[in-house]
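Database features (TrEMBL):
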- 12-101: domain 'PPIase FKBP-type' (DOMAIN)
- 129-221: domain 'PPIase FKBP-type' (DOMAIN)
- 322-355: repeat 'TPR' (REPEAT)
């Protein structure tokens, strides 16, 4: 039978099946009257997972399973009550799909699993900082009950989402639920109680425990968004409140959560076309502060491009903002745009020459520039040394044939370029063409890289001089091949 291999990005199907697997002589090697498994993880052999993707509920099928979809050349030894499967054995499997459910993978690492037991109402779901009311039962893997809330006449358990009021996995799960939905949530240790032994209402949760919650979302009140507030004064007040919440999370090192608060604050005041001039003046410093604070979060979260963009937005409205210049310089440093980093730091120092953070940042930048110069000098020095050795080899034809065989098309191209050069360098420098082939940068970038700070044209008297001297020593006047001199390179045309 043909097998359709579906793509289940972000989803897993939990199947319950009955099956009986036999060898060609009729020997039963495995049997189940109802086993539950995820399609990705499979059960018994790979063929079952592949087959159920094409089947409907209660459908029955007979599978003839070739060895590559069974147990291959190794077979399978006896396991418990199940018989062994010989190497290269063809299997016959009678299969029935009893039921299936969709399991949602939650979180950035997709490790929190949610299986819907009862569908909820409508389409709306809680957002960050919503007030939710739930019924829940929490158990350990062995079935030990450790918490029960909202049952037996109790009021539903109420908490605010994305505020560390419950474990992370539970927080993520409730944000994906609809009103009235009932779900089983499986949470691994690093999204639950971690490595610590934790005392809960009804039992102790041991370290490194996965936990299982059956949870019903009874009701929820979403936090208001910008469009829910009609009064501009309310929007400015809401933005200021969210900014302060972000500051609290930033101080305790929760940068992702702080970033979300700053972004929410900006959403209230970002679009100010309906604001009066007075309201614009009130919101402008708040807007700048939120963007700068969010840029600080992005730097700590290693999102350097976003940090750079936020600082640029600030500088478009306040070109002398020292914090924006400094934080953008930090982003440029991490993105290895060292010239741009230096320009921003120098401008910040012109505005505030006594700023201690900026001066320390400038020292770090200088050290980084030195480090990259040393690294580049070593890289290009080694490359030039290898080129020089090739040029000095006497038997070029014999060598060409050997390298031809070894390196395929690369060596004939290199040899063709080498022979193209004239002895006086009039058709271009060996270095220029080789680097243009080997380094993926445009002529203008190359021009800027080797520019002499005083003359503005590429020469061998810039920071690359140590490598140039080494190359010149090997390729001086009278040497066979291109004559290497300290003259400027031809300017780029594009």
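Every residue number used here counts from 1 along the chain in the order it is shown.
Each residue, glycine too, has its Cβ placed from N, Cα and C.
When averaged over the domain 'PPIase FKBP-type' (129-221), pLDDT in the model lands at 94.
When Cβ-Cβ distances below 8 Å are used as the criterion, the repeat 'TPR' (322-355) is approached by residues 292, 295-296, 298-299, 302, 304-305, 307-308, 311-312, 314-315, 361-362, 364-365, 368-369, 372, 448 of the same chain, each at least six residues removed from its ends. Within the domain 'PPIase FKBP-type' (12-101), the DSSP-based counts of helix, strand and coil residues read 10 helix, 44 strand, 36 coil. For the repeat 'TPR' (322-355), the DSSP counts in helix, strand and coil order read 27 helix, 0 strand, 7 coil. Summarised by DSSP class, the composition of the domain 'PPIase FKBP-type' (129-221) is 10 helix, 40 strand, 43 coil.
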